[in-house]
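**Q** From Swiss-Prot, for reference:
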- Cys143, Cys146, Cys200, Cys203: Zn(2+) 1 binding site (BINDING)
- Cys160, Cys163, Cys186, Cys189: Zn(2+) 2 binding site (BINDING)
- 5-69: domain 'J' (DOMAIN)
- 143-150: repeat 'CXXCXGXG motif' (REPEAT)
- 160-167: repeat 'CXXCXGXG motif' (REPEAT)
- 186-193: repeat 'CXXCXGXG motif' (REPEAT)
- 200-207: repeat 'CXXCXGXG motif' (REPEAT)
- 130-212: zinc finger (ZN_FING)
Amino acid sequence: MAKRDYYEVLGVNKSASKDEIKKAYRKLSKKYHPDINKEEGADEKFKEISEAYEVLSDENKRVNYDQFGHDGPQGGFGSQGFGGSDFGGFEDIFSSFFGGGSRQRDPNAPRKGDDLQYTMTITFEEAVFGTKKEISIKKDVTCHTCNGDGAKPGTSKKTCSYCNGAGRVSVEQNTILGRVRTEQVCPKCEGSGQEFEEPCPTCKGKGTENKTVKLEVTVPEGVDNEQQVRLAGEGSPGVNGGPHGDLYVVFRVKPSNTFERDGDDIYYNLDISFSQAALGDEIKIPTLKSNVVLTIPAGTQTGKQFRLKDKGVKNVHGYGYGDLFVNIKVVTPTKLNDRQKELLKEFAEINGENINEQSSNFKDRAKRFFKGE
């Protein structure tokens, strides 16, 4: 008997998308699955649907099928056309019905403990020069009474009464395919197959207790905001003898009142007067470690930037130092006495400038307005 067209089997047209093909397969597989449909021929119908989906859900197989039909270049797409390992497509769909695949993690295998995170706020100076700080952190530690075993000292473990030592239990679930029996990890022993004769009175069988622990943290010289250090083995205790997790300390750096930081470089804003800008000057400015004298050349303008090499922050990885950049702003005086005004007017005249003096004082400006000046 000739095979039906795969598109016809699934009830879709040849231009159907992957999602449309998958949707059609889901609908038909629910209807004809042998565990649900007991009618004669349902089993063969389900196999036909599965075979059609296996081909049309695979791009390469679909291209070959569209070109050659059932008599493809590799001997067709029948039951001989693909092996058991190629059924991943619809096995993935049914995994949601039957509770997962066959691979199960050994519940008794050693597992590393969870990593923890702690946020530490430090000053700009502490970040630049480094320091040591003590922190207090609340975390799970190995129970001091049972040493992590979970059992009361002097007692032992016994076979789990719920799963009889299997570590897994069989349960029935209502699914879209009807009632399906699946295996799950035992909820009582969590897969170990054992339970306590008497749990530890301190940790109630958990093997851990929550305590506040003090730790010393080394703040590296040159650390920046949002960077972190790892304290190996200071995380949560491992499971089944596994190693402890790690503690990651994340730094939050407070801004400086003097400098702005960008990586290893720092910036300092320097205001200078009109006279200093015009004539030049030598000005003492701060750096990270001491004051230095900065030479301001005559004619310096607002926006001029001076670079002081290696006066920035030490690179946290040891790759030298950043630079200090000094940004210049020429400040215009807002209050002038008569003598200063006289000198500036004289300066303007020498430059051939005709200055129409304006007052910054509201009363003076009002008087000039009403006088028509």
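Backbone N, Cα and C define each Cβ position, glycine as well.
Are these features on the surface or tucked inside, and what are their neighbours?
**A** Cβ neighbour count for Cys146 (Zn(2+) 1 binding site) (all protein chains, 10 Å cutoff from its Cβ): 23.
The number of other Cβ atoms within 10 Å of the Cβ belonging to Cys163 (Zn(2+) 2 binding site), over all protein chains shown, comes to 22. Under DSSP, Cys163 (Zn(2+) 2 binding site) is assigned to coil, being neither helix nor strand in the three-state scheme.
Restricting the average to the domain 'J' (5-69) gives a pLDDT of 85.
Sequence-distant contacts of the repeat 'CXXCXGXG motif' (143-150), counting only residues of its own chain at least 6 positions beyond either end whose CB sits under 8 Å from a CB of the stretch, comprise 196, 199-203, 205-209, 237.
With a cut-off of 8 Å between Cβ atoms, the residues of this chain six or more beyond the repeat 'CXXCXGXG motif' (160-167) that come close are 107-108, 185-189, 191-195.
Packing against the repeat 'CXXCXGXG motif' (186-193) from elsewhere in the chain are residues 107-108, 159-163, 165-169: each is 6 or more residues past its ends and has a CB under 8 Å from a CB in it.
Secondary structure counts, DSSP: the repeat 'CXXCXGXG motif' (200-207) has 0 helix, 0 strand, 8 coil.
Helix first, then strand, then coil: DSSP counts for the zinc finger (130-212) stand at 0 helix, 41 strand, 42 coil.
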**Q** Should anything in the same chain at least six residues away from the repeat 'CXXCXGXG motif' (200-207) have a Cβ under 8 Å from its Cβ atoms, list it; otherwise answer none.
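**A** Those are 142-146, 148-153, 237, in sequence order.
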**Q** Across the domain 'J' (5-69), what are the DSSP residue counts per state (helix, strand, coil)?
**A** 45 helix, 0 strand, 20 coil
